[in-house]
Amino acid sequence: MVAPLVSESQSSSIEETDEQQQQYQQLARRRTIQSDLVDIEAESISSALPEGFNYEKKTTATRFLDKTQKYYPVILNIVHGAIWGVLVRKGLMSLTTYSGSFLSGVIWANFAACVVMGLAIDGEVFWIRLLEEKDYPNKGAIPVYTGLTTGFCGTVSSFSSVILEAFNKAADTDIGVRHHYPNGAYGIMQFLAVILAQFGLSIMGFHMGKQFSAVVDNYLPLVTKRIYKVLELTSMILGVVLVVITCILIGVKKQGSWRSWTFSMLFAPFGALLRYYLSKFLNNKVSNFPLGTFTANFLGTLLLAVFTLLARGKLPGGKGHIVTNTIALHVLEGLDDGFCGGLTTVSTFVVELFGLKTLFSYRYGTISILVCFAGVVLILGSYNWSVGLD
């Protein structure tokens, strides 16, 4: 018998099918590798964040502070980092906010915080001996590291300021500037412009910091346990000294616009500590959604809206403002920049976005931004449209 001949078209079809199967297999392998890398990244970031977060349902182990953990080193290092953090943020904002700029200087503060956070999260060499000696279960449990990430970076960046700026652009309520959009719908474009620019640059900053860490690690020394204890004690003492100096300055020097800086230094540690404990106790409650950071950002944004209303709100009938006392205004500014700035964070928010899988990352980011913005609209927007803001 003679075997049937295969036509050229059938042969070509078989080859195309084999090629497609190979492409599908390559795509499946690539996605599997990408998924594995995401899991490794999530596990690494979760252990590197002092607050931690539950990136998968299977990781249900809580990271609560227990009675045996040393509270004072963690608390005082966060206090120390938060005070320097609010000073850096206010300084950067003062230097980079100018007439004619579309965005306020908080964009550069958030960028700087995310670069440092990226360096800290990916940097391993400096802490490697402490981890090898099993003094700490992971990098996130080291008090000085907690002060650097949660205290300093978390306070240099401010989530609430970004949302407030997005509202001011969308509602055309910038202080002393009115843009007079052709119609209200252009406010949506302004909102998107602020959000995309602010968080886009912050995400880029974190990615840059992670890349820089590979270079910086080559030049960092290995810190021994003895040297680390000196660093930890020094940081704790400086934290106490800064608090004492701040209280003395507030009590002795009763005049000057710089009082808003001292009030910010006073309130910032309270905001940072509240954020830390909210994240510590709530981040593991919901899988793939850092509830603690979300709660801190939402609460801080609502409080910032209330404080802004008190500072800028007009009285009914337009006969004056709600708050006119100079010291009261300085206290409100201190609460804005200090407490709300310390309570809300972009740097930790961006780290969590990197640590979640793509779908959950977009869900977490979108819900956080929209819910916080809605809260500001309800508080500031309703008052602005019914009574008015200065």
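Placed from the backbone N, Cα and C atoms, the Cβ positions cover glycine too.
According to Swiss-Prot, the topological domain 'Cytoplasmic' annotation covers 1-72 (among others).
According to Swiss-Prot, the region 'Disordered' annotation covers 1-22.
The transmembrane segment annotation in Swiss-Prot covers 73-93 (among others).
The DSSP breakdown of the topological domain 'Extracellular' (94-100) into helical (H, G, I), extended (E, B) and coil residues amounts to 3 helix, 0 strand, 4 coil. The feature topological domain 'Extracellular' is assigned by Swiss-Prot to 94-100 (among others), with similarity to another entry given as support.
Summarising the annotation, Swiss-Prot assigns transmembrane segment to 101-121 (among others). Beyond its flanks by at least six residues, the transmembrane segment (101-121) meets 45, 48-49, 85, 88-89, 92-95, 145, 148-149, 152-154, 156-158, 161-162, 165, 193-194, 197-198, 201-213, 216, 346-348, 350-351 of its own chain at Cβ-Cβ distances under 8 Å.
Note on the topological domain 'Cytoplasmic' (122-143): its mean pLDDT in the predicted model is 86. What Swiss-Prot records for 122-143 (among others) is topological domain 'Cytoplasmic', and it gives similarity to another entry as the kind of evidence.
What Swiss-Prot records for 144-164 (among others) is transmembrane segment.
Counting residues of the topological domain 'Extracellular' (165-185) by DSSP class, helix then strand then coil, yields 7 helix, 0 strand, 14 coil. What Swiss-Prot records for 165-185 (among others) is topological domain 'Extracellular'.
Using a Cβ-Cβ cut-off under 8 Å and counting only residues 6 or more beyond its ends in the same chain, the transmembrane segment (186-206) has close neighbours at 102-103, 106-107, 110-115, 117-118, 121, 157, 162, 165-167, 169-172, 346-347, 350-351, 353-354, 365, 369, 373. Annotation comment: Swiss-Prot describes 186-206 (among others) as transmembrane segment.
Under 8 Å from some Cβ of the topological domain 'Cytoplasmic' (207-229) lie the Cβ atoms of residues 114-130, 133, 135, 142, 144, all in the same chain and six or more residues away from its ends. Under the heading topological domain 'Cytoplasmic', Swiss-Prot lists 207-229 (among others), citing similarity to another entry as support.
Listed by sequence, the residues of this chain that lie at least six past the ends of the transmembrane segment (230-250) yet keep a Cβ under 8 A from its Cβ atoms are 72-73, 76-77, 79-80, 83, 143-144, 147, 223, 259, 262-263, 265-266, 269. Summarising the annotation, Swiss-Prot assigns transmembrane segment to 230-250 (among others) and lists sequence analysis as the type of evidence.
For the topological domain 'Extracellular' (251-256), the DSSP-based tally of helix, strand and coil residues reads 2 helix, 0 strand, 4 coil. Residues or ranges marked as topological domain 'Extracellular' in Swiss-Prot: 251-256 (among others).
Residues or ranges marked as transmembrane segment in Swiss-Prot: 257-279 (among others).
Per DSSP, the secondary structure of the topological domain 'Cytoplasmic' (280-290) breaks down as 3 helix, 0 strand, 8 coil. The annotation topological domain 'Cytoplasmic' is assigned in Swiss-Prot to 280-290 (among others) on the grounds of similarity to another entry.
Here Swiss-Prot flags 291-311 (among others) as transmembrane segment, drawing on sequence analysis.
The feature topological domain 'Extracellular' is assigned by Swiss-Prot to 312-338 (among others), with similarity to another entry given as support. Only residues 6 or more beyond the boundaries of the topological domain 'Extracellular' (312-338), in the same chain, are considered here, and those with a CB under 8 A from a CB of the stretch are 86, 89-90, 175, 254, 257, 259-260, 262-268, 271, 303-304, 383, 387-390.
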Notebook entry, point to check: Any residues 6+ beyond the ends of the transmembrane segment (257-279) with a Cβ under 8 Å from its own?
Noted result: 50-53, 65, 74-75, 78-79, 81-83, 85-87, 90, 146, 150-151, 154-155, 239, 242-243, 246-247, 249-250, 290, 292-293, 295-296, 299-300, 327, 330-331, 333-335, 337-345, 348
Check: Relative to the transmembrane segment (73-93), which of 291-311, 339-359, 369-389 accounts for the most Cβ pairs at distances under 8 Å?
Finding: 339-359
Next item on the list: With the transmembrane segment (144-164) as the reference, find which of 291-311, 339-359, 369-389 contributes the most Cβ pairs under 8 Å.
Entry: 339-359
Notebook entry, point to check: Looking only at the topological domain 'Cytoplasmic' (360-368), what are its DSSP counts of helix, strand and coil residues?
Noted result: 9 helix, 0 strand, 0 coil
Notebook entry, point to check: Going by DSSP, how much of the topological domain 'Cytoplasmic' (122-143) is helix, how much is strand and how much is coil, in residues?
Noted result: 13 helix, 0 strand, 9 coil
Note to self: With helix taken as DSSP H, G or I, strand as E or B and everything else coil, how many residues of the topological domain 'Extracellular' (312-338) land in each class?
What the structure shows: 14 helix, 3 strand, 10 coil
Check: Who are the chain neighbours of the topological domain 'Extracellular' (94-100) in space, where the CB to CB distance is under 8 Å and they lie at least 6 residues beyond its ends?
Finding: 107-108
